[in-house]
Amino acid sequence: MTSWTDPTSPLPLLFRRRSSGEIRNLASVSSSILPAFGTVVDEGHLQLKKFVIAPYDRRYRWWQAFLVLLVIYSAWASPFELAFKKVATGSLMPVDLVVDAFFAVDIVLTFFVAYLDKSTYLLVLDHKKIALRYVISIYFAMDVVSTLPIQLMYRMFTGNSHYAQVFGFLNLLRLWRLRRVSELFKRLEKDTRFSYFWIRYIKLICVTLFAVHSAGCFYFWMATHHKTLSNTWIGTEVNDFEHKSIWLCYTYSIYWATVTLTTVGYGDLHAVNLGEKIFSIFYMLFNIGLFAYLVGNMTNLIVHSAVRTLFMRDAINEIFRYARKNRLPEGLKEQMLAHMQLKFKTAELQQEEVLEDLPKAIRSSISQHLFRRTVEKTYLFKGVSEHLTVQLASEMKAEYFPPKVDIILQNEIPTDFYILVFGALDVLKYKNGTEQFFSKLGSADLVGEIGVFFNTPQPFTVRTKKLSQVIRISHHHFKEMVQPQNEDGMIMIKNFIQHLKDLKQEMLQEIPFLTEFLDELNIEHIQANENTQYNALTNFHGDTNMEETNETSTPGAITLRVIIHGHHPDEGDTNGKLIHLPESMEDLLRLAEKKLGKRGSTVVMADGSQVEELDALRDNDHLFIF
């Protein structure tokens with residue numbers, strides 16, 4: 001295995017850990033060198049051999065960027081010099097020599113640039129191996145051929161300054177350098193510092209301009225080399241065009257290439273002889289593919305930028321259709337629309353969507369950063385261990401709610417409880433057809449825990465007062481985390497009981513079983529019997545009195561909870577008492593007499609079937625004793 005101290009390994013040479021505040025953009029790293037998560041290129045840590053250049057060295061990157069500018073010039077000059085040979089031997093020749101000199105320097109530098117061995121993932125620093133790899137590759141041969149000033153060398157050796165057509169075609173070898181532009185665009189598309197839309201847009205423009213420029217120049221070259229100049233596409237419009245201004249002829253060429261590419265075809269410039277017609281056929285066939293490429297890419301970019309808006313509109317239309325079909329009230333429809341709009345506005349902030357593809361450790365760290373302080377401030381978790389706090393914060397799921405939306409409905413089945421991160425909540429209760437306000441909750445307040453802990457329908461409706469973010473946890477996950485934590489369980493039950501004592505009197509009056517529970521609760525007994533506290537919390541016992549169901553059993557031995565009623569199932573009264581199921585039928589009848597205030601002899605289920613054996617009962621069954 002490669003050691004971290006191996007000087008040829010890219011790991012110690014490329015990367016070292018930094019704090020989150022020091023992380024830089026990694027887009028400058030070559031796609032063949034993949035950095036690890038949370039690492040950055042550290043040029044000060046490089047320990048390369050003498051006269052060896054790192055491929056990710058910032059100075060070498062700037063050199064490559066400078067060469068891209070020269071490539072753009074070469075891409076324009078090569079077809080232009082083919083069509084207009086005057087400039088090839090005149091004003092552009094010194095510029096070509098300077099550009100070629102820079103690329104010659106780059107050829108020399110390439111013999112000193114280390115490369116990554118794909119089989120061992122090690123940087124090769126040996127000069128001989130670097131040089132051999134470059135020489136035997138096609139890149140060396142093409143770089144040399146596209147850089148040699150062949151026309152100048154021909155003039156120096158022969159003394160002949162005549163510009164042969166072969167030199168014009170040899171100059172087209174300089175288009176080999178365009179691969180550098182392609183590599184640049186690939187890096188920029190992955191660089192998050194730049195807009196992907198505009199990078200792709202600029203790339204499409206460059207491809208279009210190069211296609212138009214090349215086609216126009218080659219079409220003009222065909223006209224200049226036809227045996228009858230007047231029988232050409234430009235000769236029919238411009239007499240004696242070979243003696244006209246270069247830029248005038250170039251304008252005509254670009255005009256023809258543009259109207260043909262865009263399929264406009266005004267007809268003023270058109271193919272005249274057979275060669276021009278054949279070239280036009282192939283150019284138009286090429287334009288079909290190019291046009292499809294351009295339209296497809298532009299459509300994809302535009303649709304991608306508006307896809308979220310499109311999905312939002314579709315979702316809203318679905319809500320309208322659903323509400324209209326089911327004749328939902330206007331207020332409920334407005335709540336649905338508000339929630340859907342908020343979902344799309346906060347899509348980038350939704351914890352689930354952003355974190356679902358990240359490793360669990362990173363998700364946990366982010367949750368700690370976002371929610372740990374809120375969890376620590378919540379009354380139920382004050383004083384618990386750091387270990388449990390970390391688990392709780394990691395399991396919390398974040399949600400946003402718009403104003404005037406119900407988070408918890410009165411009498412709904414308890415499955416989760418919520419902690420308010422920011423915003424405001426109102427605690428309400430519907431009574432006698434009216435809505436009664438009880439309290440307002442703020443940051444770090446807990447809601448829904450009474451229904452969850454006692455396993456009873458939620459006693460209150462909780463509604464957002466303004467835009468609010470809450471974090472929630474299901475009672476199932478909460479139970480799994482708390483069960484192994486005996487001491488934390490006792491702390492939480494004490495906090496919970498103290499919270500119940502601090503509730504407003506009007507709220508306690510709306511929850512009869514809480515009043516009964518607090519009246520019968522023996523604080524000294526609970527403090528002495530710590531296991532009772534722990535089991536009451538971790539098992540979510542629903543017995544409102546939280547006391548032993550008989551003299552011989554303890555809460556720790558109880559496995560089932562049932563709801564008892566003192567009437568026949570058909571009488572319609574739904575109020576009942578949640579108890580721990582005793583061991584025998586006699587104990588059940590005796591406990592029912594104590595709880596309901598009357599003696600019964602018959603036990604039936606909600607469907608009227610009579611209960612003969614307690615072993616057939618399940619958790620949360622309703623028993624009717626009369």
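Glycine too: its Cβ is placed from the backbone N, Cα and C atoms.
The domain 'Cyclic nucleotide-binding' annotation in TrEMBL covers 380-499.
Residues of the domain 'KHA' (561-626) grouped by DSSP class, helix first, strand second and coil last, total 18 helix, 16 strand, 32 coil. Annotation comment: TrEMBL describes 561-626 as domain 'KHA'.
Taken from TrEMBL, the feature transmembrane segment covers 60-77 (among others).
Long-range contacts of the transmembrane segment (97-116) within the same chain, counting only residues at least 6 positions beyond its ends with a Cβ under 8 Å from a Cβ of the stretch, are 10, 32-33, 48, 51-55, 60, 63, 66-67, 70, 73-74, 122-125, 127, 130-131, 133-134, 139-140, 143-144, 146-149, 152, 177. Annotation comment: TrEMBL describes 97-116 (among others) as transmembrane segment.
The transmembrane segment annotation in TrEMBL covers 136-154 (among others).
Feature annotation from TrEMBL assigns transmembrane segment to 197-221 (among others).
Taken from TrEMBL, the feature transmembrane segment covers 245-266 (among others).
Per TrEMBL, the feature transmembrane segment maps to 278-296 (among others).
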Go through the chain and flag residues at least 6 beyond the ends of the transmembrane segment (278-296) whose CB is under 8 A from any CB in it; none is fine as an answer. 204, 207-208, 211, 215, 218-219, 222, 257, 260-261, 263, 270-271
Mind checking which residues reach the transmembrane segment (60-77)? Cβ under 8 Å, same chain, six or more beyond either end. 28, 53-54, 92, 95-96, 99, 102-103, 106, 109, 113, 171, 174-175, 177-178, 180-181, 184, 210, 213
Looking only at the domain 'KHA' (561-626), what is the mean pLDDT? 78
The DSSP breakdown of the domain 'Cyclic nucleotide-binding' (380-499) into helix, strand and coil residues is 40 helix, 43 strand, 37 coil
